[in-house]
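Structure record follows, encoded as structure tokens.
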Amino acid sequence: MDLEAGSIRPRSDGEGGGPAAGRETDDSNVWKDLFLAYKTLGVVFGGLVTSPLYVYPSMNLSSPTEADYLGIYSIMFWTLTLIGVVKYVCIALNADDHGEGGTFAMYSLLCRHADIGILPSKRVYAEEDPLLHSQSAIARRPSRLGKFFEQSITARRVLLFVAVLGMCMLIGDGILTPAISVLSAIDGIRGPFPTVSKPVVEALSAAILIGLFLLQKYGTSKVSFLFSPIMAAWTFTTPIIGLYSIVHYYPGIFKAISPYYIVHFFLRNKRQGWQLLGGTVLCITGAEAMFADLGHFSKKAIQIAFLSSIYPSLVLTYAGQTAYLINNVNDFGDGFYKFVPRPVYWPMFVVATLAAIVASQSLISATFSVIKQSVVLDYFPRVKVVHTSQHKEGEVYSPEINYILMVLCVGVILGFGGGKAIGNAFGVVVIMVMLITTVLLTLVMIIIWRTPLVLAGLYFVPFFIMEGAYVSAVFTKIPEGGWLPFAVSITLAMIMFGWYYGRQRKFEYEMTNKVSLEHLGELLARPEVQRVPGLCFFYSNIQDGLTPILSHYIKNMSSLHTVTIFVTLRSLLVAKVDQSKRILINRLGPNGVYGCTVQYGYADNLSLEGGDDLAAQVTSCLQWHIQMDTDGRRSPEEEMAQLEAARLAGVVHVRGKMRFYVGEDAGWFDKIMLGFYEFLHGICRSALPVLGMPLQQRVEIGMLYKV
């Protein structure tokens, strides 16, 4: 096995199979990686590679000179090199969580290795994680920093807030990328036709986005095969135009690679130069997708695609744009279309529009995935999540989120109008996500990889200073449009925190008032309690004990089904749960009463393809458990007969619906937060429809909890 950057990776099939077998496997892997690298062009890099459409138009330049443009290009070159190549390609892609990437994947990785999750039900221990289980006891021993997080609830809450903020900013990216990409592409129509007004461009852009959002429910499988060719055409044509501009306008542009031009730029422009960082930061837009989309592609494929095509394409395209602008210093307001030669103007307009649509689709799909992960882990109110492809598990769609995104995207276009105002808002999202990644990645280095503090500091200090400078610059844009992502992120964070707080209080109440097996036996021994025919799936949120709603149910209904299975849906801070560990069954003691835990990770499909299928899977696991477990008080044949008779009598799914009753003596914080939670709980979907239970088999039992 190979140990690489803290993750363990099994040998490939060709290793150890002889020289010929090894060469065949290596050749096969090379072609597979190249094909995956080609596919990443249409999914991963859409936002990054289309950034030349709006970087220069988003800058607030005032009488720029040749020296200014050389300094700006030098800043963009080193930003792409340091953040794109060094940070993401060389370092961040190694901080995966079982192949999944992104800020929340790093958070889940930290929670497992240092046991710093907030809710006990969300923690994962060594026996549940094959990576942790395979490590030695010394490797699993927490570091000093890990112990600090374990002992400080405040530090753990801050860490959760940082991870949640990263998710909220990514959702903000899903609002702004479609708006700025499509608007910047369609704005090219005003070049040949100056009489076309900006409101017409905005209306066309809004119409395209509305059509794109309305098509989301059909999935992208039928058209996704076009994404990579479109982005490949864009990726390879823009640098060709860039080379033409370099030769034609300014052959010496690459002298700007020298950091001297950055120093000279800031010394010359001082405060204005610092403020211009709010525009240059957009050159790295979409780089976070390299890490966030790691679960859909291999690390090597993303590295190959970025280093062989995306990075050279952006370097040459920006060099060509800058070379053109040095000779046409006042054309920065339309810095992309002005540098496109007239003979290829309309073909490039078509390619740019299609590329902007593909980039928008990539961010919309990423937003759906983030929302799905949050719902699965119970950090976000339940919304409908539909899998639009039978072959691609990660292809999901949420109707509620889709229409909210559509309204916000169209509102951004019509409300902000120009790309410069949207660019101000966009810069805040871009750099905040990257700064959060830097912080979490440093924690991963120290706590998990056990990187010496000196080496971790060599990573953290330069990137924190560079990204901190960008953050300070984009914060000055808050009055000019930068407030939008903050408003969206704060709203989302309030929703997630309110939901989390209510779920935590509910969990604490259930743990305090849980029903023990002894108490269940006493309830069933009462003469008025009858065992009625049927198979009952009784859903609970706790593993150790039974939900207090059970006592409420038995006392009021005076009955319990002959076979009752208490089902706990347990979300783990892992990407995926092995199928063999998905459903766990155990006997609880009383006749016909069993416990079942359904485990899933944040990248798993929560739905088990319909209620009948869930009943069949759990029943099948229970039958196997009965046959293998010889410690029962009754014979396996007798228990099997009872289970079959109960199944034939009818299946019912029972879920408790506990509501908070906030009394007059409750504190002001509880009144606000629990009232907000009750509002969210009232408008969100029930857990049973999310699992696909048939309507006629569902029963909900209400119970009030006085605070």
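Think of each number as a place in line: the chain as shown, counted from 1.
Just so it is clear, glycine is given a Cβ too, placed from its N, Cα and C backbone atoms.
Going by Swiss-Prot, these are the annotated features:
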CARBOHYD  Asn60  N-linked glycosylation site
REGION    1-25  region 'Disordered'
TOPO_DOM  1-34  topological domain 'Cytoplasmic'
TOPO_DOM  56-71  topological domain 'Extracellular'
TOPO_DOM  93-157  topological domain 'Cytoplasmic'
TOPO_DOM  179-194  topological domain 'Extracellular'
TOPO_DOM  216-222  topological domain 'Cytoplasmic'
TOPO_DOM  244-276  topological domain 'Extracellular'
TOPO_DOM  298-305  topological domain 'Cytoplasmic'
TOPO_DOM  327-343  topological domain 'Extracellular'
TOPO_DOM  365-402  topological domain 'Cytoplasmic'
TOPO_DOM  424-427  topological domain 'Extracellular'
TOPO_DOM  449-454  topological domain 'Cytoplasmic'
TOPO_DOM  476-480  topological domain 'Extracellular'
TOPO_DOM  502-707  topological domain 'Cytoplasmic'
TRANSMEM  35-55  transmembrane segment
TRANSMEM  72-92  transmembrane segment
TRANSMEM  158-178  transmembrane segment
TRANSMEM  195-215  transmembrane segment
TRANSMEM  223-243  transmembrane segment
TRANSMEM  277-297  transmembrane segment
TRANSMEM  306-326  transmembrane segment
TRANSMEM  344-364  transmembrane segment
TRANSMEM  403-423  transmembrane segment
TRANSMEM  428-448  transmembrane segment
TRANSMEM  455-475  transmembrane segment
TRANSMEM  481-501  transmembrane segment
> Under a Cβ pair cut-off of under 8 Å, which of the recorded stretches 35-55, 72-92, 344-364, 481-501 contacts the transmembrane segment (158-178) most often?
Replying inline: 481-501
>> Counting by DSSP secondary structure, give me helix, strand and coil numbers for the topological domain 'Extracellular' (56-71).
In response: 9 helix, 0 strand, 7 coil
> What stretch in 35-55, 195-215, 344-364, 428-448, 481-501 has the biggest tally of Cβ pairs under 8 Å against the transmembrane segment (223-243)?
Replying inline: 35-55
> For the topological domain 'Extracellular' (179-194), what are the DSSP-based totals of helix, strand and coil residues?
Replying inline: 12 helix, 0 strand, 4 coil
>> Out of 72-92, 195-215, 306-326, 403-423, what stretch is closest in contact terms to the transmembrane segment (277-297), meaning most Cβ pairs under 8 angstroms?
In response: 72-92
> How many neighbouring Cβ atoms, not counting its own, are there within 10 Å of the Cβ of the residue listed as 'N-linked glycosylation site'?
Replying inline: 15
> Would the transmembrane segment (306-326) and the transmembrane segment (72-92) count as touching if the test is at least 3 Cβ pairs under 8 Å, pairs 6 or more apart?
Replying inline: yes
> Given the transmembrane segment (195-215), which of the listed stretches 35-55, 72-92, 344-364 has the most Cβ pairs that are under 8 Å apart from it?
Replying inline: 344-364
> Which sequence positions outside the topological domain 'Extracellular' (424-427), separated from its termini by at least 6 residues, show Cβ-Cβ distances below 8 Å to it?
Replying inline: 54, 58, 176-177, 180, 278-279, 281-282, 285, 412, 416, 470, 473-474, 477, 480-485
> Which bits of the chain, at least 6 residues beyond where the transmembrane segment (403-423) starts or stops, bring a Cβ under 8 A of a Cβ in it?
Replying inline: 54, 57-58, 60, 174-176, 178-180, 182-184, 187, 198, 202, 205-206, 209-210, 213-214, 279, 282, 364, 367, 480-481, 484, 488
> Out of 35-55, 344-364, 428-448, 481-501, which stretch touches the transmembrane segment (72-92) the most, going by CB pairs under 8 Å?
Replying inline: 428-448
> Near the transmembrane segment (344-364), which same-chain residues lie under 8 Å Cβ to Cβ, leaving out any that are not at least 6 residues past its ends?
Replying inline: 42-44, 46-47, 49-50, 53, 173-174, 177-178, 181-182, 184-186, 188-189, 191-192, 208-209, 212-213, 216, 220, 227, 230-231, 233-234, 237, 241, 286, 289, 336-337, 402, 405
> Going by DSSP, how much of the topological domain 'Cytoplasmic' (365-402) is helix, how much is strand and how much is coil, in residues?
Replying inline: 16 helix, 4 strand, 18 coil
>> Below 8 angstroms Cβ to Cβ, which residues of this chain, lying six or more residues outside the topological domain 'Extracellular' (327-343), approach it?
In response: 52-57, 59, 61, 63-66, 69, 184, 187-188, 191, 241, 244-245, 249-250, 320-321, 349, 352
